[in-house]
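Sequence annotations record features per position, and here TrEMBL assigns region 'Disordered' to 13-41. Summarising the annotation, TrEMBL assigns compositional bias 'Polar residues' to 21-30. Residues or ranges marked as domain 'Peptidase M66' in TrEMBL: 248-519. Residues annotated as Zn(2+) binding site in TrEMBL: H405, H409, H415. If you look up TrEMBL, you'll see E406 marked as active site.
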Amino acid sequence: MAGSLGLLAACGGGGGGSGSEQAETSSGNTPPVARAGSDQSVNELTSVILDGAASSDADGRIASHAWQQTSGPTVAMANASAASASFTAPDVSSAQTLAFRLTVTDDKGGTASDTVSVTVNPVAPTPTIAASNWKLAQTHVVPAAGRQWTLTSGGNAELHMVGGRAALALVDLSPGGLSGLRLQGEAAGTSLGSVTLEGNAALPANEDSSLRWSSTAYVAMLPSSWLRPGLRLRVTATAANPSAWTEVSVGADPDFTVRILPFYVFGAGESDVSLAAAGSPSAEAIDDMFAVWPVATLQVGNHPAGKVVWPSLVVPPRDDSGGVRRAAYVATSTDSYKDGFAGLSTLHGIVSGLRAANGEANQAVQYYAPLLARNAAGQFRSAGGGIGGGNVGTGDTAYAGIYIHEQGHAFGLPHAGDSYDGGSYPYEWGSLKGSAWGYDSVRRLFRSILVPASSGNYASCRSHTFGGHPRAVDAQDRCIKQDPMQSGAGDQARGQRFTIFSDYSTAVMQRYFEGTTTLDGAARKYSGGKWQRDAGFPSGYKRWDGIDRKWVDAPDAVNVASGGIWGFEDDAPLQANVPVYAIVATMSYAGTAGATQIYPPIRYTGNLIRLIDPTVQAQRDSILPNTGTYYWWCRAYGCDYTLRVRYANGTVRHVALQGGFRPWNGEQQPVVAEASDPLSGSSFRRWTVNVPDDGAIASIELLDTPQVWKGLPALPKVLASR
């Protein structure tokens, strides 16, 4: 091992080293003096110099030097016939003494000798840190490389670290007793610095104090700036070699927005639930959402429209609570509902249309609409449940179990128990049996997969069944939590708003943001995922590339695919943050009473997507079937209806509506027969558009404009007006 040089200098005559000797000389010659230097103690494997340069001759000069090892482990000396010789101290397991003799001869043949001893000491080797069992925690405690699933029904997923979000790092180390522990970070060859690595005593607690996640793990907090693709970590310590680098799988850093838009219907108002309570969850509730969702940032707040106040809802054709099919109808109170989910389901469709009309169809933006209603007697009635899916949820104002479940559906999560039966959920009938532990990054609290003793469900948990399946238990017969997507509400510890999702469900939510990236030859093929606004990209939007692990341009935001059959620019807005009216109209082709109507317009600051004005020849030509710029726009069930908006200042706007009652891909074919059946869903349409706010609206009309690319009739039939 590397060390210092040992310099052995002579101390003269018989006064230094182990002893000196003088030989007799011829008469008249003063004998030389040999000086081999002082005895010394050195470390093994260091370079040692034997220095006899201090030897002298009073009446002449030293003619020669000769070094000889006399005892101890044999070493190879260099320059043994020079004044100074050298050797490398041997590798020893215990202290060893080596002795050397220096003999000098003067120019008249006189000689003298001196001896020196060198004690060689063993040196403890510098330890190399062995770091193992690396885990990182944001929403769940997962391996540094992430956690992957391959399921029988295509439920493949991976949960990895979210970019731009702080994480708890956990690692086991050997040997013990190291000091000055640091966790060092690096990404793409650039040092990120280091953070303190603390002992197991610093491990965060579990929500159930009787359990600890680990009794051995060391702990460090990684700042959000470290969490980026290419991250790798290692452990350093005083007087130790660092551990090997460990790669960390890091994905996108999505910014996520949830817009809350309360609907007060059937006479309900803020005397029932204030807008502050209905439209703006508490800061604590938002923290609880952040703790269970795989996002970098989270904005949850009231929609720019504030609230919607409507006297009625038009319920599309659907089955009643007895399974009997019903035609569309106008609900004016909760007592009007023909089934328990009529209002929530109707509202879900309305809010989905509002989101798309605002140009947010492909963005990381979800909507949630609390339904506040009254019965026929004017008494307030809670939503009593929820409906979710397709980026939108509806429900109550508690922002607890119903909310987190429905927004789970908005992420694309199905009911976990049914998915388990279908081979697309990995854990026993919607449970967390086999899932990694959760982690609350806001409270810095581990969350076990076991039902905690403080849970309201704990006392009777062993008697619970879900869809006829008993609650899952572990080997010690302890109750295991259910996923929020399968009756998990109430399994959380006291004081917590939500129970945790399984790691698999969280991976599906992460895929909601990132999508999937595959190779089609040399080209990238993107499926799913959400865009993020970013002026640094040509289109103004970016999407995640899961192969290269980086953001790339989202050109669909400025291009029109498939001839416009799915809309323009993938429904990305052409104008953002401008005054708009959202207009929602419904129509029953079968003529169901009250079902063809226009809701009160919703005024707010929002976005405008591309609209077609059928009074402008060039815009009509753009949707001409098979030849126009948007040659398939009318293939989406036809384009036979137009909204006409008259403003108080005299301005008039016309907006052609995509979708009617013709067959898919049949814009020039007759209306389908089912459209005349009031019980068929094909007889009902709902349209939602945002139009510019050109001032107060005087009237809105739904016009019958068959095959609108041909132009408007001179006097189009008014189907509904407001």
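Cβ atoms are placed via backbone N, Cα and C, with glycine included.
Just so you know, TrEMBL annotations never went through curation; they're auto-generated.
The shown structure was predicted, so the numbers you read here are calculated from the model rather than taken from an experiment.
Positions of the features from TrEMBL, shown on the structure.
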residue: H405; record: Zn(2+) binding site; CB count, 10 Å: 25
residue: E406; record: active site; CB count, 10 Å: 25
residue: H409; record: Zn(2+) binding site; CB count, 10 Å: 20
residue: H415; record: Zn(2+) binding site; CB count, 10 Å: 19
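Within 8 Å of the centroid defined by the CB atoms of H405, H409, H415, the record's Zn(2+) site, lie the Cβ atoms of G388, E406, G408, L413, P414, P484, M485, Q486, excluding the listed residues themselves. Of the recorded residues, E406 (active site) and H415 (Zn(2+) binding site) place their C-alpha atoms 10 Å from one another.
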